[in-house]
Amino acid sequence: MPRAFLVVMDSVGIGGAPDAASFFNDGVPDTGANTLGHIARACAAGEAEEGRSGPLRLPTLSALGLGRATALASGLEPPGLDAAPTGFWAAATETSPGKDTPSGHWELAGLPVPWDWHYFPDKQNSFPQEVIDAAIAAAGADGILGNCHASGTVIVDELGPEHLRTGRPICYTSADSVFQIAAHEAAFGLERLYDMCRALAPMLHAMKVGRVIARPFLGDETNGFARTGNRKDFAIEPPAPLLTNWVQEAGAHVYAIGKIGDIFSMTGIDELRKGSDEVLMGHLHDLVEEAEDGSLTFANFVEFDSLYGHRRDISGYARALEWFDGEIGRLLPKLRDGDMLLLTADHGNDPSWTGTDHTRERVPVLIAGRGVGSAGQVMFADVAASVAAHLGVPAQGPGRSFL
Ligand SMILES: O=P(O)(O)O[C@@H]1C[C@H](O)[C@@H](CO)O1
Ligand SMILES: [Mn+2]
Ligand SMILES: [Mn+2]
């Protein structure tokens, strides 16, 4: 029986979004942003030499069509990715009005977001008083810190000492529909932070804020602060069935790896495996060996985005891509007849771009196990329809299979 492995390389965009001009970073339109293309160009120019050197080397992803998909999406031919494809590839365009992770994942799963998210556009004094009052009450503190747009690593460095002195949680947002709360795991308490997020989530979700995100950290003023792996996203539940529900309702097993559990609020998911991207890759290798016939494995590798994209770290992003390429190269020979591995992304996060937010881009669709060819330009929701077609389960919504 067929099996499907749907793997999201979080934020690995390939440029060319037709509506990029309607999205911004620090007031600059996302027009021309190209995560993969600009990383490849920087590497070829010798401008991404920290912990690695020279042109971007992605032999496996290139052979699956990554260079072709980038050229089709954006017109930019990424240097060094011109291998003749041995897989099935496409470039996918998003319709949902957000360039955030839930929007991208829900639409890839067949459900374009049916509403406009609520954002906090003001860079300073970002939150309305009723949200601030609710946060103070939920924290049991005498105030909050931040109340602004910020990079999460920068704001923790800046306000960590005051947080330790006052016990006030650090609340901040971004271009996404998020309310983020950074707090010290020991001094403030990890479970207390989760309880605060849980208490606030219903109010923020009712406002159509997509996620309340717990951002725990450790450290002190002398040694500096560092975020831990205990991040937890409290996301709005998807408002209608999507790919995980379709597969589960057809009686097949659904495995989730990484943030997929949070992004979908566990809807349609039988079991979840979490950890760092290195740990997650081990789980993916294990599931290629042991996943049940007919099953869907849905994975998200977040560190491209969280450790490098938002930090505008081109070398780090290139290192992560090269690591990932090597792992997928080791994975392909383990696939069985009837397996389909589909690699894609949920939005861009161009590390050469201004600001620290996502960038509106098309994404690659790279498929092993379904022969050689191309579907050209497709839509995000077509990914779900194609995975459903491969598994032989009924699909819903606007997507159409390109297989
Ligand atoms: O705390 P950081 O700067 O990593 O926050 C990023 C910005 C996005 O809105 C959030 C969720 O993806 O992560
Ligand atoms: Mn994402
Ligand atoms: Mn992000």
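Just so it is clear, glycine is given a Cβ too, placed from its N, Cα and C backbone atoms.
Since we're looking at a predicted model, the values are computed, not measured.
According to TrEMBL:
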- 3-394: domain 'Metalloenzyme' (DOMAIN)
- D10, D346, H347: Mn(2+) 1 binding site (BINDING)
- D305, H310, H358: Mn(2+) 2 binding site (BINDING)
Determine, from DSSP, whether D305 (Mn(2+) 2 binding site) sits in helix, strand or coil.
helix
If you count CB neighbours within 10 Å, which one among the binding-site residues H310, H347, H358 has the smallest count?
H310
Cα nearest D305 (Mn(2+) 2 binding site) among binding-site residues (D10, D346, H347) -> D10
So which of the binding-site residues D10, H310, D346, H347, H358 sit close to ligand 1, that is, with a CB under 6 Å from an atom of it?
H310
Whose Cβ lies within 8 Å of the mean position of the Cβ atoms of D10, D346, H347, the Mn(2+) 1 site, other than those residues?
V8, M9, S11, V12, G13, T101, G104, H105, D305, A345, G348, N349, H358, V363
Near ligand 2 by the Cβ criterion (under 6 Å), the binding-site residues from D10, D305, H310, D346, H358 are D10, D305, D346
Rounding to whole Å, the Cα atoms of D10 (Mn(2+) 1 binding site) and H310 (Mn(2+) 2 binding site) are apart by 11
Fewest Cβ neighbours within 10 Å, where candidates are the binding-site residues D10, D305, D346
D10
